[in-house]
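Some features that Swiss-Prot has for this protein:
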type    : residues                                       : note
BINDING : Glu91, Asp113, Leu115                          : Mg(2+) 1 binding site
BINDING : Asp113, Asp116, Glu283                         : Mg(2+) 2 binding site
BINDING : Asp116, Gly117, Ser118, Ser119, Asn211, Lys277 : substrate binding site
Amino acid sequence: MKRKTLTQYLVEQQRSANALGPEVRLLIEVVARACKAISHAVSKGALGGVLGSLESENVQGEVQKKLDVLSNEILLEANEWGGHLAAMASEEMETIHLIPNRYPKGEYLLLFDPLDGSSNIDVNVSIGTIFSVLHAPHRVAGAEEVCEQDFLQPGSQQVAAGYAVYGPQTMLVLTIGTGVVGFTLDREMGSWVLTHENMRVPEDTKEFAINMSNMRHWAPPVRRYIDECLAGTTGPLGKDYNMRWIASMVADVHRIMTRGGIFMYPWDAREPGKAGKLRLMYEANPMSMIIEQAGGAAIDGTRRILDIQPDKLHQRVSVILGSKNEVERVGRYHAEAAQAPA
């Protein structure tokens with residue numbers, strides 16, 4: 001059986017009625033090459049001198065790992081010269097990264113979390129890269145400078161989204177708005193090979209992923225749902241659930257993409273002024289597009305995540321995504337709680 005590479009898949013999409021633009025095709029290929037370089041650095045671990053933390057913090061106030069910084073640099077350097085982008089934004093940087101004047105500018109914006117789950121680097125747990133592609137405003141074609149406001153588009157306007165997961169195998173999961181496909185890195189040949197066509201998330205599940213140690217801080221609708229999961233066959237849901245929690249969004253979502261489940265990183269009463277912990281633009285939006293394209297659902301509790309209009313680049317949000325029926329159940333519990341008398 002002849003194997004289909006990422007390049008072949010993208011060329012086929014470009015030639016089809018879906019009319020994937022050539023700039024998007026080339027952009028995705030560049031991002032995929034950068035992910036190969038990151039995968040190589042991750043796999044070397046201590047042998048490559050990339051483990052451990054730096055003394056610096058990122059814009060989120062989190063201590064940066066060496067691989068965080070290296071991965072960010074790899075993505076910036078790989079993408080700034082190709083002529084596909086007008087600008088980039090990274091979870092690791094406070095402001096946007098403009099394309100240097102010495103390079104041509106393109107019609108798209110790239111956002112990424114260069115190394116999601118980096119707290120797991122030193123303990124050798126699966127981590128990954130998440131990315132999102134948006135259209136740049138038309139005025140950019142007239143050589144006008146891109147600004148942060150240009151990135152503040154709802155997730156429904158994403159052109160493409162994907163993630164690479166660095167585990168026992170390195171995989172790239174991608175959507176261009178026509179379903180979800182998965183590619184596995186052939187390390188000997190150095191190519192991405194299509195191994196998962198038409199990836200789908202089952203509508204029902206018996207698995208949930210959440211950090212149970214924070215249960216006392218959750219909103220009542222989330223506690224209600226988890227209590228019902230824990231009640232098993234004798235409870236209102238009528239089935240036994242298993243809990244899975246890797247503390248790496250890429251790894252947790254990838255498991256859901258391959259076998260179903262619900263991932264929850266809800267609002268937390270310890271920081272009531274924050275809508276959530278995960279970043280809307282770098283994590284929630286791309287993952288929500290992937291999940292929805294695979295037949296799942298993604299909400300913040302009350303709203304579809306892809307409908308949220310961002311008001312700042314590093315905006316945070318509560319995230320509940322995965323198997324459609326389970327996500328909708330949690331949404332109903334939030335709606336019922338909002339309608340209940342005080």
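Cβ from N, Cα, C; glycine included.
It should be emphasised that the depicted structure is a prediction, and the values quoted were computed from it without experimental measurement.
Structure coloured by features recorded in Swiss-Prot.
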residue	record	CB count, 10 Å
Glu91	Mg(2+) 1 binding site	23
Asp113	Mg(2+) 1 binding site	29
Leu115	Mg(2+) 1 binding site	30
Asp116	Mg(2+) 2 binding site	28
Gly117	substrate binding site	21
Ser118	substrate binding site	23
Ser119	substrate binding site	15
Asn211	substrate binding site	16
Lys277	substrate binding site	18
Glu283	Mg(2+) 2 binding site	26
Separation of alpha carbons, Glu283 (Mg(2+) 2 binding site) and Ser118 (substrate binding site) (Å): 14
Span of Asp116, Gly117, Ser118, Ser119, Asn211, Lys277 around substrate - largest C-alpha separation, Å: 17
Where Glu283 (Mg(2+) 2 binding site) sits in the secondary structure, as DSSP reduces it to three classes: helix
Spatially closest candidate among Glu91, Asn211, Lys277, the listed binding-site residues, to Asp116 (Mg(2+) 2 binding site) (Cα to Cα): Glu91
Binding-site residues near Asp113 (Mg(2+) 1 binding site) (Cα-Cα within 10 Å), from Ser119, Asn211, Lys277, Glu283: Glu283
Beyond the site residues Glu91, Asp113, Leu115: chain residues whose C-beta lies within 8 Å of the centroid, for Mg(2+) 1: Asp68, Ser71, Asn72, Ser90, Glu92, Phe112, Pro114, Asp116, Ser118, Thr129, Ile130, Tyr282, Glu283
Secondary-structure category, per DSSP, in which Leu115 (Mg(2+) 1 binding site) falls: strand
Nearest of the binding-site residues (Glu91, Leu115, Glu283) to Asn211 (substrate binding site), judged by Cα-Cα distance: Glu283
Where Asn211 (substrate binding site) sits in the secondary structure, as DSSP reduces it to three classes: coil
Rounded to the nearest Å - Cα separation of Gly117 (substrate binding site) and Glu283 (Mg(2+) 2 binding site): 11
Rounded to the nearest Å - Cα separation of Glu91 (Mg(2+) 1 binding site) and Glu283 (Mg(2+) 2 binding site): 9
